[in-house]
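Below you'll find the structure, written out as structure tokens, and then a few comments.
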């Protein structure tokens, strides 16, 4: 489909995704915004008093953004979108080397940016306030074996074999803790993973999946669930026959925190680059190999899928899945979690789907990449530093 007329695009997108070009106006009363620091002891067991249905009451009000009544919660079932907005920019990274370490956070395997290493910026898209985004981590999600749903987001009801999230921080905030407290302070590129079909395998994901085998263990004594008494599961079903299994959530449930309450403590913390979550596997990857070959992405506003669930994320979800090793689901499911004796495969690490709430979802096609894996960077490509939405009259 050809690029939409400027008038139609401005009317549709300006009034929906980005609204205005002044950040102060983004702070709408309905947005749930929370800083991302500390890490609560959580479970993905929907019956548990520390499960997804109760996340919003874990150390309330700090985790209040996990309230499922929020208007921009994630993940979602992405609806079928017919119209494609074509933009002239290529979506790619400023460097072919992202240096970091893989660790088991007790929630998911995460490849985190090395502290002090050069930041790798996403090029071809910017924020509505003219700022770039840099990579902070790449982490993975999977469901319970034999369950139909294996991804956090779904595509018109369809799931794949897993999902990778490439998390970016807006450069004017510097760290994830602060960025999570601002609309579009974060940008997440989501790639569906398939063991049977999809875009051809690349070393980027293959290398990360191979490393996951070396970080299966989690040091529970250093984690947020250490020395925390978890309330017994207590369900409405015990009181009302045939009622769905729902836990009774405990308000102000005690959770582990950073030692100095600032986000720079010494306990395991998913949101810190040096979160001390057990063994680390240091390496480097070419981040361009993580992006979709066919650069079509669903674009919408949403939130983090783990506490604090802040509605601060601009999501780009690739339309086509990436083919990966058949061992991917197994190595992720076999990882130990925050809770002693539990592995990810017991309950998966997928937050329940959240309501779309009439959010607009756009299908955006970036310009095809040609030789980016062979060193063709965007350093001298003038249009690559601008947001593609500037073509649509947004910036």
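Cβ atoms here come from the backbone N, Cα and C positions, even for glycine.
Because the structure is a prediction, the values reported are computed rather than measured.
Feature annotations, courtesy of Swiss-Prot:
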type    : residues      : note
SIGNAL  : 1-24          : signal peptide
DOMAIN  : 42-365        : domain 'Alpha-carbonic anhydrase'
BINDING : 139, 141, 165 : Zn(2+) binding site
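For the Zn(2+) site, the Cβ centre of 139, 141, 165 serves as reference, and the other residues of the chain with Cβ at most 8 Å from it are 108, 110, 138, 140, 152, 163, 164, 190, 305, 349. Looking only at the domain 'Alpha-carbonic anhydrase' (42-365), the predicted model's pLDDT averages out at 88. Put plainly, the binding-site residues 139, 141, 165 were compared by Cβ crowding within 10 Å, and the winner is 141.
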